[in-house]
């Protein structure tokens, strides 16, 4: 039966680097990603998968059962956790066998999870800005939840559409006596292979780095200009901004290395040493970025007082009394941030 391995170094990032090399007279020693992968990737992916799935399932439980989904930010946070779960589900299969359908499924889950996470981070940031700008009166109470649901559906649809190019061009290919899910241009696609590799790289950089960085920077600068921002500090503002900052810090190194690897001829980085270092940088930064799914639940626990309270009660760390679901808890235990700071 045909087997393939989907590993972080097997995606089009490193493949681009290798296939776009110009024919050089000197023989270059290519970076051997398998050496590091054999030692680190299985244990790292297993740890990230277990921790990330448990953390994000706990977030889903608390949001759905206890905090409720009557606030727009909770709807976005729930979808953000689902995005992380989609991404995490691909990790165990980076070193396991499968067939052509499995390749498509893994590619779809991986990129849909990544793109949707980016979009929900942007939606959270914009929502916090609108709350701050309009003091919670931008929408009526009856329109808040429907607006959150509609924008969430649009975010998922956009993420799926953004993933279609990867879904089409990835196929199992024989490499090192086993099949790997890698870039392979389909004959019916227009333009040449180099064009599509450049296109996929730019799409990745714009969606995962440029777009969220622009939105975050622009809105944060606008908020910093007001006196009210310095006078009023709410934990949810800190939480949303921390989520975005961590996401950018985790994925920016990989996107930069990925971009330089793809367009290295344009930056005079085609020599042996530069190519080797770029391959290594892409591989290592990709592994680091993979761990981002475990960070968000930790931010909730440290920066969201309501979430940490529910979390502690779930584990009976502060109280042995049963935690009541939303709508049944007493006023003293269900108090969250003031309405003018948390609702749109």
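Residue numbers in this text run from 1 along the chain shown.
Even glycines carry a Cβ here, placed using N, Cα and C.
On a predicted model such as this, the values are computed, not experimentally measured, just so you know.
The record in Swiss-Prot shows differing topological domain names for residue 103 and residue 129, meaning opposite sides of the membrane.
Checking the ranges 2-22, 23-43, 44-64 against Swiss-Prot, the transmembrane segment annotation falls on 44-64. Packing against the transmembrane segment (44-64) from elsewhere in the chain are residues 74, 77-78, 81-82, 84-85, 88, 91-92, 94-95, 287, 290-291, 293-294, 296-298, 300, 307, 310-311, 314: each is 6 or more residues past its ends and has a CB under 8 Å from a CB in it. By the criterion of other Cβ atoms within 10 Å of the residue's own Cβ, the least surrounded of the disulfide-bonded residues 103, 181 is 103. Look at residue 181 (disulfide bond): DSSP puts it in a strand.
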